[in-house]
Amino acid sequence: MRECISIHVGQAGVQIGNACWELYCLEHGIQPDGQMPSDKTIGGGDDSFNTFFSETGAGKHVPRAVFVDLEPTVIDEVRTGTYRQLFHPEQLITGKEDAANNYARGHYTIGKEIIDLVLDRIRKLADQCTGLQGFLVFHSFGGGTGSGFTSLLMERLSVDYGKKSKLEFSIYPAPQVSTAVVEPYNSILTTHTTLEHSDCAFMVDNEAIYDICRRNLDIERPTYTNLNRLIGQIVSSITASLRFDGALNVDLTEFQTNLVPYPRIHFPLATYAPVISAEKAYHEQLSVAEITNACFEPANQMVKCDPRHGKYMACCLLYRGDVVPKDVNAAIATIKTKRTIQFVDWCPTGFKVGINYQPPTVVPGGDLAKVQRAVCMLSNTTAIAEAWARLDHKFDLMYAKRAFVHWYVGEGMEEGEFSEAREDMAALEKDYEEVGVDSVEGEGEEEGEEY
């Protein structure tokens, strides 16, 4: 089996975890108590969903997941919620005091007290796997636990499980709904620390998700539940190929192979379509061509940036539901002629396509309409550097005045770490810039003279 272990860190990670596992259970027909009426084989079968669920002798399906937070309230909701019987109590790990939005607390002071316990639980899950393929880590950039503890965990996972893939789903801080003033500090510190440990990171910009909820679902004041259910759909689309048999089964390493041209440039942009409310879906066709076209609209992206200003390095389209290759090829051909999609000149303009015949599922009573087909596009584009530039700018404004820095230094960090992290981010922006520059024609001419 090619198992994946999901690790949900901090409030954002845990709440997205709730949305994802709720959706996975619906997709696979697993009840809140872990029983699965449709699954006739008792014990670990060789079904695709076993990559995400382990099976006990009693026929109970348990998520291969760990929930970690440095304070108990958020995970207590899981312990008392609808799906409390689904998880093993040891999978829900809480500390006593939170990281107080402080990266240094999550990474040094409080984080180090709980890290060994967390790694121990992850080890138990890993031991149940026959062929662990990697980890999916869910966290936010802005929180103390999400930023600090995640980066500590990623460092330790690299030591313990060297070659296993680590994919991140990171919540990028949104200006509208900021939960902390120091989000830019935390984001840049965590990105710097995890950059070399993460193989691929899907960023989700809260603001972009907010706008999609407002615009496409007519929700005036979206709550975190609305946001997380939408994020859940995206995560589900990305992981569907790992959990179902499809025409093109992508495993974790295949994502990297197709989306990551250089180790540092591993931040694909995710776009999902159709996001539509039930009353609207009734009147629309939502053909393959339409949903594919929607993926190239900046309005449907998970991060606010404009790919029309950047260049693509890679592009994957993951379809699910009633989709045939003929329609997909036609849709892509149309887009290639109509849209100005610029690829970097060193990359062939191929679109990688995955089709999964399992139609998208929606949470009953949720905001999204049940549709026949959906698509999630993962593209690696130089435009995502805009997101880093925004964050770096905010970091600079505060750091120029050394605002709030004493809180970090007081928890055992050194001021040098700030400037080091900021330099690394500047280098990352530069990397993106260089990738997009056309390869120098001059080089070829000089070689010609030598011969």
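Cβ coordinates are placed from backbone N, Cα and C, and glycine is handled just like the others.
From a predicted model like this one, the values you see are computed outputs, not experimental measurements.
Swiss-Prot annotations:
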- Q11, E71, S140, G144, T145, T179, N206, N228: GTP binding site (BINDING)
- K40: N6-acetyllysine (MOD_RES)
- E71: Mg(2+) binding site (BINDING)
- E254: active site (ACT_SITE)
- Y282: 3'-nitrotyrosine (MOD_RES)
- 432-451: region 'Disordered' (REGION)
- S439: phosphoserine (MOD_RES)
- E443: 5-glutamyl polyglutamate (MOD_RES)
- E445: 5-glutamyl polyglutamate (MOD_RES)
- Y451: 3'-nitrotyrosine (MOD_RES)
- Y451: site 'Involved in polymerization' (SITE)
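Feature map: annotations from Swiss-Prot on the structure.
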| residue | record | contacts (Cβ under 8 Å, 6+ apart) |
| --- | --- | --- |
| Q11 | GTP binding site | D69, V74, S140, G143, T145, G146 |
| E71 | GTP binding site | T94, G95, K96, E97, D98, A99, T145 |
| G144 | GTP binding site | G10, L70, D98, A99, A100, N101, N102, Y103, R105, G106, N186 |
| T179 | GTP binding site | N101, G142, G143 |
| N206 | GTP binding site | I171, Y172, P173, A174, Q176, V177, L227 |
| N228 | GTP binding site | Q15, I16, N18, A19 |
| E254 | active site | none |
| Y282 | 3'-nitrotyrosine | A369 |
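The recorded positions listed here are S140, T145, S439; among them, T145 has the most other Cβ atoms within 10 Å of its own Cβ. Look at N228 (GTP binding site): DSSP puts it in a helix. When secondary structure is read from DSSP and collapsed to three states, S140 (GTP binding site) falls in the strand class. The residue listed as 'phosphoserine' falls outside any helix or strand according to DSSP and counts as coil. Following the DSSP three-state reduction, the secondary structure of N206 (GTP binding site) is helix.
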